[in-house]
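Database features, via Swiss-Prot:
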TRANSMEM  33-53  transmembrane segment
TRANSMEM  77-98  transmembrane segment
BINDING   H83, H182  heme b b562 binding site
BINDING   H97, H196  heme b b566 binding site
TRANSMEM  113-133  transmembrane segment
TRANSMEM  178-198  transmembrane segment
BINDING   H201  ubiquinone binding site
TRANSMEM  226-246  transmembrane segment
TRANSMEM  288-308  transmembrane segment
TRANSMEM  320-340  transmembrane segment
TRANSMEM  347-367  transmembrane segment
Amino acid sequence: MTIMRKTHPLMKMVNHAFIDLPTPSNISGWWNFGSLLGLCLVIQIVSGLFLAMHYTPDTLTAFSSVTHICRDVNYGWLIRYMHANGASLFFICLYLHIGRGIYYGSYSYMETWNVGIILLFLVMATAFMGYVLPWGQMSFWGATVITNLLSAIPYIGADLVEWIWGGFSVDKATLNRFFAFHFILPFIIAAMAMVHLLFLHETGSNNPLGIPSDCDKIPFHPYYTTKDFLGLVILLALFFTLVLFFPDLLGDPDNYSPANPLNTPPHIKPEWYFLFAYAILRSIPNKLGGVIALVLSILILALLPHIQTASQRSLMFRPISQFLFWLLVSDVLVLTWIGGQPVEPPFIIIGQIASLTYFTIILALMPIAGIIENKMLKW
């Protein structure tokens, strides 16, 4: 008698992806983040759906509707804080997932890596539009400043900004379309995640050694389902600690004031997970130059497979590259800190040095380190 999961058309797909999937026997906890990102996406879609039932995308009532959710809807405060902090959790997992991909050379799987970069852009766009919806001070001014960056594009910039706004300023039309896009994009992200998995399962997973592991594979279930479940429990414990004890830790107090176009906050800044890119944007005095640097700070990930010079894939046995990797991590943390500081000395020069260091490490130092390590290993 054949097992149903191996014959039923739908079950067979699930079986090949999550049960009988041949997996390297030595992958570590760093490979947990893919499934954790899936969990984050489910949390965001479910909590967002319930919020959308009570939210009104109108400039006059948006702020009040969020207040109504927190005060009058059963467990509305919990759903709202789960959604707000779920975004932070999503980005923590996302950045750790990307960091693992860089450290262990997973970018060698070009299709999977490129789909991952598209996913990153989609998640960032979704998060930005979601931040605008509560219609607080930082929502309004963040939307105004970030959308205004498009005016730096030569010739079509000004028209493009007005087209996105749906008028001559951020107003009801902008809020309405941002809500529509914010609602649909997570489902597009879910579809793209399936494509991401499809490409990954074409090649099989990488492993910490960065060597082929076809001769030593084990089934995904029960070994990695239990391992992923442990990661899931830890993640949920951290998540609910944040939601129930420190719900406003990662938010901005300015967003508790209703949007007022006549009163500019002293320091306009995006959510913490965009601060590193925001710091790079601000470190260049020229508007167009800043926008190009902002886009390149993410798009530079697509260059990694093309500027790889080392013969070894993983950084596990490459001490010089390891040092540069952790220097890059430290640099991103410095940029995140600078992005949250006012534009005044000494933060300006620190931001400029950190931005230059970011691009130098990725574009110059890491490829040079790869060549030196090849020479040292006589490869």
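Keep in mind that glycine also has a Cβ here, set from the backbone N, Cα and C atoms.
Tertiary neighbourhood of the transmembrane segment (178-198): same-chain residues 17, 37-38, 41, 44-45, 48, 52, 55, 57, 112, 115-116, 118-119, 122-123, 125-126, 129-130, 132-133, 143, selected by CB-CB distance under 8 Å and a gap of 6+ residues from either end. All protein chains considered, the CB of H182 (heme b b562 binding site) has 21 other CB atoms within 10 Å. Each of the binding-site residues H83, H97, H196, H201 was scored by other CB atoms within 10 A of its CB, and the lowest score goes to H201.
Between the transmembrane segment (33-53) and the stretches 113-133, 226-246, 320-340, 347-367, Cβ pairs under 8 Å are most numerous for 226-246. Long-range Cβ contacts of the transmembrane segment (288-308) within its own chain (Cβ-Cβ under 8 Å, at least 6 residues beyond either end) map to 98, 102, 105, 107-108, 110, 113-114, 117, 120-121, 124, 149-150, 152-154, 276-278, 280-282, 355, 358-359, 362-363, 366-367, 370.
Checking each of the binding-site residues H83, H97, H182 against the residue listed as 'ubiquinone binding site' by C-alpha distance, the shortest gap belongs to H97. Cα of H182 (heme b b562 binding site) to Cα of H97 (heme b b566 binding site): a span of 23 Å.
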